[in-house]
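Here's the structure, in structure tokens; my notes come after.
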Amino acid sequence: MKLLLPLLLLSAATTIHCFQVQPLRSVGCVSNPRFVLTHKASSVTVSLHSVANESIQDDNDDYDVDGSISSWSRLVSSLPRLSRNGSPDELDTKILSTCIPTMLNLMVVPIVNAVDTFYVGRLRSPLALAAQSAANQCFFTVYFLVAFLPTITAPVVARAIGEKKWDEARDRVCESMFLCNVLGGMGSLILIAFPEKVLSMVLPKSGTSVMAFAVPYLRLRAFGMLPALLSSCGFAAYNGMLNTVTPLKVTLTTNLINMILDPLFIFGIGRGASATQSSFILSSLQNGFGAAGAAAATSVSEIISSCIYVKLLIRRKLVKLSRLLKPPSLKALIPLIQGGLAILLRQATLNVAFVCAARRAQSLDPSGVSAAAYGITMQIYSLGVVAHLGIQATAASMVSSARAMGGDNAGREVADRIFGYGCFLGLVLAVGQFFLLPTITPLFSPLPEVIEAVKGPAAISSFIHLVNGLVFAGEGTLLGLGAYKDLAVITAMGVGCMVSCLLSPLGKSLNGILLSLAAFNLFQGLAVTLHHVRFSPLRRRGFRGKS
């Protein structure tokens, strides 16, 4: 905790600076004193043109060609500032109008996952909670190995639209969705056919009791993999258009369906005919699937979501139904494959780290209490992570779009400001989660031993958000720049730190496992910030000679 105190002070100082009362800056002033969020993609795109042009005109006022301004001063000078009448400037408005709907969109999913955990917890079985945690870890391990395409779709689409190349944007979306069909189908088949083999990555040989709960959960969850990938591509395409409200509507609708189906599938719709008098499916609906019902509800909602996205993209003329099953040419796939391989490497290294962490937690005790506590801790932590992912997605799209329209100067202005918002968000999440823990922890399990085991790890995870502000802003900027290899190398080095900690005595306790995660995030935060201010195309001019 002593090591985390300086991070808290740094974030507090940054936040105070961000919201000092100052006059409006000359670049991008807002004439309207009221703060209005503009949700339409066309409005945001026009505003980005304005930022690009103004950034070029006033560049010499903000950046010293000779490099006498330090990188830290440049970064701090671009943090969001409020005017005397309390209104953000134009760039703040654009960032918030993109970021807030994205955050809300992404936040719906872990909230619904938390509802899943709430209902599974009502079964009053630590083994069921441990099985849910293990099965979800295995599902997302396979999912993220094949989900590298949606990660690079948003900046690619944003760049194409920024350059007014709509045909190219449509081609990239169709190619990504075709590959998602192929890879998602393969992933689903693996999970459905060999659930025990996949679960053995996380569950030790002694975890046969947990395995009995986890196998049906993972099988039912696997039916949602391909639809989830298509939905991710659809979300990325809309994010590339800087339209974040439509995905929010889709997410709210489909996850509301998930929440309605949860209690029906877990506990059943009531006692009816016996299993001998009805089909297996009807009997399961009447009596419930148990913990696996949460997986069934999620898969149904993912299928509905993917259908909605495909229909919307067809209307937007960004998808042709015939091309979703037609293999694109190898020449067309090369740009996606080149960027995708680096992202795939990154996802693979992340999977190694988090599978190691989950396996450590599952093996701490045979009762399943530690594994259940780890699963609940990660559920709570993920609620904050998705807010940071909103920052990441905003940076990936806006930096790419601003660069396409105004060059590095416009991209630098956007990236620096998003770093400021990331710092502020990290501070808010850290403080908020820490003080809400006594209230929210009992919602996930009524078992006293599980609640007690969650306290320490959940407190540590709260303070990890302090550095996550830098981590996700920096990762989003790297994605927007197309610097996939740099991001993969940084992630691999961070994973090395985490795995080293897990293999040390730290990995023998839940608190130690979370401290290992903290070490990973601390390294990532420092590395991406250093890359941004010293090595990226957006570094301050003059650092390596005059521009």
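Here the Cβ of each residue, glycine as well, is placed from N, Cα and C on the backbone.
Model, not experiment: these values are computed from the prediction.
The signal peptide feature in TrEMBL is assigned to 1-18. Per TrEMBL, the feature transmembrane segment maps to 140-161, 173-194, 214-238, 250-269, 289-312, 418-438, 458-480, 487-507, 513-533.
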Stretch contact, the transmembrane segment (513-533) with the transmembrane segment (458-480), Cβ-Cβ under 8 Å, 3+ pairs: yes
Two-stretch contact, the transmembrane segment (289-312) and the transmembrane segment (214-238), at least three Cβ pairs under 8 Å: yes
Leading contact stretch, 214-238, 418-438, 487-507 vs the transmembrane segment (140-161) - CB distance under 8 Å: 214-238
Long-range Cβ neighbours of the transmembrane segment (214-238) (under 8 Å; 6 or more residues past either end): 105, 131-132, 134-136, 138-139, 142-143, 146-147, 149-151, 153-154, 157, 169, 173, 176-177, 180-181, 183-185, 187-188, 191-192, 195-196, 198-199, 203, 244, 246-247, 250, 289-292, 294-296, 298-303, 305-307, 309-310, 312-313, 318
Beyond the flanks of the transmembrane segment (173-194) by at least 6 residues, Cβ under 8 Å: 138-139, 142-143, 145-146, 149-150, 153, 157, 218-219, 221-223, 225-230, 232-233, 236-237, 310, 313, 318-320, 323-328, 332-333, 336
